[in-house]
């Protein structure tokens, strides 16, 4: 029995699922840290912080940077820095800087993963409504989807500022299902992180976990999605469509 035979709509996470956004996010984080005269983190480290929205990303970046600065100063025999600005205020300042820099680098630092456009097109052609649920700040979402030429596939888009409770809370997924006019159990949610799978479980949606995303360095199977796929186009046979073999470059 096909466990997805009752699916009437599909919703996707964005970062780490449809797009590799780490280059742009890491560049903006590092520029913001540098502007505050803090150590820069680098893409490999920033990848482990992605997934809970920009505010949490800033908190993680600042916590690491302050600790790294303290370690560096101790190694050099220098006294620790006595911060005049409380950490909460530094997070707020860092977020404002990040938003400015990310607006400059988001498009050039974000790429579609292979098979994304073909898969979205095939699902849309089948008549399935498609939704997007991301914790990314809402103002960045629509321009990015347009630049990547995938905005046309989505009938519902929920950004991080569109709901009070972000993933892993179920509210964003429940809102998408409501706008699609279907029950949560009829909406398949596809993501790459434990936040995605936890949100799907809490909302009552069947879930697909993809192995190639970020997920804080954890294997997606630890979150126990209903199905695990290596590639996004593995969705197609599960939903009664032929498997797409068209290759798309990372820079498409």
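Just so you know, glycine gets a Cβ as well, placed from its N, Cα and C.
Source: prediction; values computed, not measured.
These come from Swiss-Prot:
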- 13: active site, nucleophile (ACT_SITE)
- 13, 15, 192: Mg(2+) binding site (BINDING)
- 13, 14, 15: substrate binding site (BINDING)
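Note: residue 14 (substrate binding site) has non-local neighbours 21, 132, 133, 134, 136, 141, i.e. same-chain residues 6+ apart with C-beta under 8 A of its own C-beta. In this view, residue 192 (Mg(2+) binding site) is surrounded by 29 other Cβ atoms within 10 Å of its Cβ, with every protein chain counted. Taking Cβ-Cβ distances under 8 Å and a sequence separation of 6 or more, the neighbours of the residue listed as 'active site, nucleophile' in its chain are 132, 133, 134, 167, 189, 190, 191, 192, 193, 196, 213. The Cβ of residue 15 (Mg(2+) binding site) has 24 other Cβ atoms within 10 Å, all protein chains considered. Listed in chain order, the extra residues whose Cβ falls within 8 Å of the Cβ center of the Mg(2+) site residues 13, 15, 192 are 12, 14, 16, 17, 18, 51, 134, 191, 193, 196, 210, 213, 214. Secondary structure at residue 15 (Mg(2+) binding site), as computed by DSSP, is strand.
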